[in-house]
Amino acid sequence: HAHTQTHASNTRTHTGCKQPLRDADLQLLLVGGELLKVRSSSWKKNRFYKLQEDCTTMWHESHRTFKRNQTFSIDEIESVRKGRQSEGLQKHTEAHVEDRCFSIIFKGRRRNLDLIATSAEEARQWVNGLEKIISNMKKLNSQQTSEHWIFNCMRKADKNKDNKMTLKELKHFLHQINIEVDDMYAEVLLCYSNSGSLEGPEIKHFYDLLIYREEIDVIYGKYATTGEQMSVKDLLNFLLNEQREVATMEDAVSLIERYELDDSAKQKNHMTKDGFLMYLHQEEGSIFNPAHKEVFQDMSQPINHYFISSSHNTYLMEDQLKGHSSTEAYIKALMKSCRCVELDCWDGAHGEPIIYHGHTLTSKVLFKDVIKAIKEYAFKTSEYPVILSLENHCTLEQQKLMAKHMISILGSALLTSPLEDQMPTAFPSPQELKGRFIIKGKRLNKLDAVFSNTSPGVEEDCVSEEDEAAETSNSKTDTNGQKSKIKLAKQLSDLVIYCKSVHFSGFEHAKDKQAFYEMSSFKESKAVNLAETAGNAFIHHNMTKLSRIYPAGSRTDSSNYNPVSLWNAGCQIVALNFQTPSKEMDLNQGRFRSNGVSGYVLKPGFQRYPGTEFDPMTLTKGPWLKRKTFHIMVISAQQLPKLNKDKCKSIVDPLVKVEIDGVPADTCSKETRSIENNGFNPMWNETFQFDIQVPELALVRFLVEDYDSTSQNDLIGQYCLPLTSLQNGYRHVPLLTKHGDVIPSAGLFVHLMLLDAK
């Protein structure tokens, strides 16, 4: 049919398959070929792989009885690695096949796909071809992604490939896109046809009906005063009055030049409805302020003045008792801009230290392999410093080897002495520490010893265990009630510069006795109690010191605690189990979404400057009380995913929750009604108001759920961002999976207004 053929060519252009015959890499993928799939040293089998004609789906053969033909979407791929760069290929292949190997890394918890091509050139073509498609798909705006998704569903619904759509195929298509219709309504849709099926221009008309957005019509009609088109002046009025932007006529002209699709309208400096919708789907029309996608905060302040994205037991892919330990877990965390990772170090066989969760059945990974992975991936998404938090259980000889590995592998990037030529009195800044690794752990002496010529220093001595290690070890205290001690090698001790671990003995003791570089770790329950009962004292403590918070040992399922109350108390290193999808990880992703996803977010001034009387529990008067009124209208959603893809008739009943997470006085949640049997284009038009006391600490979380009257609602999608990073006006809200990955075609459409409270 004419429309879908035209659309197919457009889609081909969008997804990276434009002129595939002229691109040898893409042509190879479309033709397909045999690759050796590697699962273990003994399981290596040839399988045929091929990119399907839609250029968004990879087909591969399977020898399973019931699943001989399998596919996965290009959208499911997180990255492609050339060479033996996965844990599986390093473990199960020999070095001589390095140039023939590559790995497909999936989002979420899906296992990596490790492959070996027949030649180095073929491996290069597979990697290049996949990267081109992934890159071009990422460049699609949400409107193009939406159109492409609808087209693919239409193509799949045409079972007999006759370019027509019968009643049965029409109903199948509507189920695919998450709309439930009865036979009568489907037959009404077919009334546009004389043949009892849709074909040719009838499909185009049907498609236009599908993508029609009534709410966009209303908004556009309100401002388009020039012959049913928006003039540049109309657009400027919209930007000033609705979007509350500081915009000029030049800004409006620029939007028309970039997003208007109709050349004749563009020549008149007009914007059509299609151009207007295109603009609303760009980052300028997104809820998230585009300026905050880059590093925009002052990065020259001491490192303890920032919230730092932090991971607990980073090596674990799953739970704390039997879970798999892997270098992949470090890579995933670092690629999400995590800036503090944890290494639980134990004696391993053959003299090589290992990392795992001691006294459990979790698997083990070599310490040196973890350091190599950290070196490779630490600064790919953020150039700001990475803290390696060591929990050391090793004997002296293996501690010396740990130090040797870190020095040799991390090289000059490893911080081995203070940046200053004299004893520092405060932390350096993230800017000064760009590209550097900082070791957190026990130290035998004060940092002053680095600048002392008189103290020869001991080669080894006993120190108390890390607080977290002591909590989980079998022998917490000795007969005198003192914390158990371990011997510490000087070589490892000397690598600890700005993050020396010490036991917390109270805020007054820390103020009087602790140097700025001496930091404590707090179990979540103790930290939450301090935040609730001595919030102001905790904030003052964190003005000069670093604090690390870790989950309770009882969280064997790798669940998480709520980090918000600890951020409210100014704690910097609030470590979470990154491997566990949860509201807490949504909040963490939201907190660190701004400032260029650098892993560092500058704390508000009232958490940084001495003399503050701010307490998140009592909210005494002060400059932190910048009261705001947050108005939000949840208007509609587009192309919500089906939750049960195996059941054709399973259609979602969506509702939207809007949550504020911040100081206790601001924490609140409101929700819309549910819309029955419509995940394609549900419309609510429901308005909520939130009164915000401390906007600088508030996070906004959108939650779309499938309503169920008999059990807990299922998550459809979520999105979280700082209140201070949102844009006013009519905005699209992207939706993410529980793992934090973008759902390509789905989104919310809302109207927002953040105003000074009266």
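Residue numbers in this text run from 1 along the chain shown.
Glycine is treated like the rest: Cβ placed from N, Cα and C.
Annotated in TrEMBL:
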ACT_SITE  His312  active site
ACT_SITE  His357  active site
BINDING   Asn313, Glu342, Asp344, Glu391  Ca(2+) 3 binding site
BINDING   Lys440, Lys442, Ser521, Arg548  substrate binding site
BINDING   Ile651, Asp653, Asn677  Ca(2+) 4 binding site
BINDING   Asp706, Tyr707, Asp708  Ca(2+) 5 binding site
COMPBIAS  471-481  compositional bias 'Polar residues'
DOMAIN    28-135  domain 'PH'
DOMAIN    611-737  domain 'C2'
CARBOHYD  Ser193  O-linked glycosylation site
- line: Keeping only the binding-site residues of Asn313, Glu342, Lys440, Lys442, Asp706, Tyr707 whose C-alpha lies within 10 A of that of His357 (active site) yields Asn313
- line: Neighbour count check, CB within 10 A, over recorded positions His312, His357, Asp653; minimum at Asp653
- prompt: Tally of helix, strand and coil residues over the domain 'C2' (611-737) according to DSSP?
  reply: 6 helix, 60 strand, 61 coil
Least Cβ-crowded entry, counting other Cβ within 10 Å, from the binding-site residues listed as Lys440, Lys442, Arg548: Lys442
Statement: By Cα geometry, the one of the recorded positions (His312, Asp344, Lys440) nearest Ile651 (Ca(2+) 4 binding site) is His312
Task: Please spell out the DSSP helix, strand and coil residue counts for the domain 'PH' (28-135).
output: 35 helix, 40 strand, 33 coil
Message: Looking at the binding-site residues listed here (Asp653, Asn677, Asp708), whose Cα lies nearest to that of Lys442 (substrate binding site)?
response: Asp708
Task: Measuring CA to CA, name the entry from the binding-site residues Asp344, Glu391, Arg548, Asn677 that ends up nearest Tyr707 (Ca(2+) 5 binding site).
output: Asn677
Message: Give me the long-range Cβ neighbours of Asp344 (Ca(2+) 3 binding site): same chain, 6+ apart, Cβ under 8 Å, in sequence order.
response: Asn313, Tyr315, Ile355, Tyr356, His357, Gly358, Glu391, His393
- prompt: Relative to the Cβ position of Ser521 (substrate binding site), how many further Cβ atoms are located within 10 Å?
  reply: 25
Query: Considering only the recorded positions His312, Asn677, Asp706, Asp708, which residue has the minimal Cα-Cα separation from Lys440 (substrate binding site)?
result: His312
Statement: One finds that other Cβ atoms within 10 Å of the Cβ of Asn313 (Ca(2+) 3 binding site) number exactly 27
- line: Cα nearest Asp708 (Ca(2+) 5 binding site) among recorded positions (His312, Arg548, Asp653, Asn677) -> Asp653
Field: Set of same-chain residues at least 6 away whose C-beta sits under 8 angstroms from Glu342 (Ca(2+) 3 binding site)
entry: Ser311, His312, Asn313, Thr314, Tyr315, Ser389, Glu391, Ala575
Statement: One finds that other Cβ atoms within 10 Å of the Cβ of Asp706 (Ca(2+) 5 binding site) number exactly 20
